[in-house]
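> For reference, the structure I am asking about is given below.
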């Protein structure tokens, strides 16, 4: 057994040298005999300036070999430290909110709060980068656009209302903003996983940020609306936003209390929730138009058609399954139009009600629920209701048009709804169109 004597000196206490803190292989810590030779016995240090006697098995390393190892490591460490400066250890780029190294600052002076004007326009620091942070979830969802039915509706009704182009641009933008913002909240409240075939915004940005963004966009839309300079605009906005939240509130209440509404309760809810944004756009257009045509009764019927058709497609449509997941309304526990009909067609059978209670993601259970609803005639009933409402909307469209030949846009929208429904039935029946 040979003994190697190493002189270890210590300076005053202070932060560890950079070479001790780095995990980079280029930074070699000073020779640590405990690490290199775990079996070595290091006696307690009694003085920072006294030699440390370490017993090392002679068959492991010689004193000459140890000295050579120390010298090589010291040279490598000095070379590495000389080549690598502190900034190279930091990220190569910084976002506006990454903490970059700052020079020492003088301590803050609390006396400045007695005199400084913190609210002057020159001190405001709201920037484009901050705006992007706030609108992140909204921009994300906008980056995966839907079918843009609402802007198509605006154009179709404008054939009768002839709204000035500047006003129409504002109205179209406001409706789009409100619709997208409402979807952000809907996905949170419904515990959705997919929207338009992509992960929902709150699964990426988090629930708090997504809710805040949605609320922010509501008020941003209100600010945008004031460009119309129409005293009726704000009143229309507040009335229909209240209706939207009333409808959504009842929908959530029925789901969370497992309360099956009546068909009339459902229709009232849809008129508020889905019809609200449809009416908002048309009422704003009428407020900016010189035409005396009242399109609100027609848009109310169209709102019913859209929501009932959406409920139907959620449980029946393959494309819907790809975009939002299989029978998402069943997983949510939602009392949709076919579900309400099925439950009330046989109140003594509690199976469907219990499936809703489970909020299941099991596809076999959901297939069973769909088969049960089919056995109660609920899908056939829903298809008939949609057709009756579409026929009613067509008649109302012709009454409004009164032979002027400006009803084509509305008829195209209604045609698309019926075609979509027929294609879904054909797919289910295994037919080829």
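Residue 1 is the first one shown; counting continues down the chain.
Note: Cβ is positioned from N, Cα and C throughout, glycine not excepted.
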> Can you tell which of 173, 324 Swiss-Prot lists as binding dimethylallyl diphosphate with 195, 273, 274, 307, 334?
324
> Can you tell which of the binding-site residues 190, 195, 274, 334 lies nearest to residue 179 (isopentenyl diphosphate binding site) in space, using Cα positions?
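Comparing Cα positions, the candidate nearest residue 179 (isopentenyl diphosphate binding site) turns out to be 274.
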> Hey, what's the widest CA-to-CA gap across 147, 150, 179, 196, the isopentenyl diphosphate contacts in the record, in Å?
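That value is 16 Å for the farthest Cα pair.
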> Please list, in sequence order, every residue of the chain apart from 147, 150, 179, 196 whose Cβ lies within 8 Å of the Cβ centroid of the isopentenyl diphosphate site.
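Filtered neighbour residues, in order: 145, 146, 148, 149, 180, 183.
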> Using the structure shown, find which entry in 150, 195, 196, 273, 324 (the binding-site residues) has the sparsest Cβ neighbourhood within 10 Å.
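Result for the binding-site residues 150, 195, 196, 273, 324: minimum number of other Cβ atoms within 10 Å at 196.
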> When neighbour density is defined as the number of other C-beta atoms within 10 angstroms of a residue's C-beta, which of the binding-site residues 147, 179, 334 has the lowest density?
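The binding-site residues 147, 179, 334 were compared, and 147 has the fewest Cβ atoms within 10 Å.
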> Let me make sure I understand the structure: which of the binding-site residues listed (186, 190) has the fewest other Cβ atoms within 10 A of its Cβ?
186
